[in-house]
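Trainee: Supplied in structure tokens, the structure appears directly below.
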Amino acid sequence: MASNLPMSPQLEQIHGEIRDHFRALANGFQRLDKIKDSTRQSKQLEELTDKMRECKRLVKEFDRELKDEEARNSPEVNKQLNDEKQSMIKELNSYVALRKTYMSTLGNKKVELFDMGAGVSGEPTAEENVQVASSMSNQELVDAGMKRMDETDQAIERSKQVVEQTLEVGTQTAANLKGQTDQMGRVVNHLDTIQFSIKKASQLVKEIGRQVATDKCIMGFLFLIVCGVVAIIIVKIVNPNNKDIRDIPGLAPPAQSRKLLYLRNQDYM
């Protein structure tokens, strides 16, 4: 359906580039399913992310061109082109969601395995604890239990502080990353706008150049006609009896000199 839409050459070129990127994304995700190595999967995902970023830029450029040509198209054509734009946006969003799924799966695979080898522990065994407890009085047992509880409470408090500090650092890092992401988004949008303006300016310069060349040709042709007319007028004035040159319409030939007949009086009588 999209190939039969009435598009300008500029819109058709952008639309073709977007469709090429979509085909590359589909093939890339199919290859990703066959890759088992995590490092190669990460590299493949980075390449697909770059293609999705380029797709996003092209969709924005397609939207700008569509708005620029909206006044020259019929309402029906504008509706069809807008529907095609929404379809491309949905397709791009589906690839973005698929990328997030693969990123989550890849992150779950990166789990470190610890070797829990059997070794000599520095903690006393249960048998040793029973022997020590049997030799202690009740007050000593209470004091030892309170000391162990205090140590446990202190360890829990230290763990809470570490968790709070980690959350604070994570929140600050997320805020910084969000600010940097927003700034990069604004920079990308600004660059897209500049690129679009440069293309429009180039098209305008080409159009002006064609108009100037046409005007020069017309002026040169008119100049040759004027020179020819002036040359014919000069030749007719200098040599009025030249029959090889036809008279110019609207230009009367030079008046003949009058010849008066002189008669003598007696001849007249």
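Note that Cβ sites are derived from N, Cα and C of the backbone, with glycine treated the same way.
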Trainee: Which one of Ser8, Ser74 gets the tag phosphoserine in Swiss-Prot?
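Mentor: The phosphoserine feature in Swiss-Prot corresponds to Ser74.
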Trainee: Along the topological domain 'Cytoplasmic' (1-217), what average pLDDT does this model show?
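Mentor: Here the predicted model's pLDDT, averaged over the topological domain 'Cytoplasmic' (1-217), is 79.
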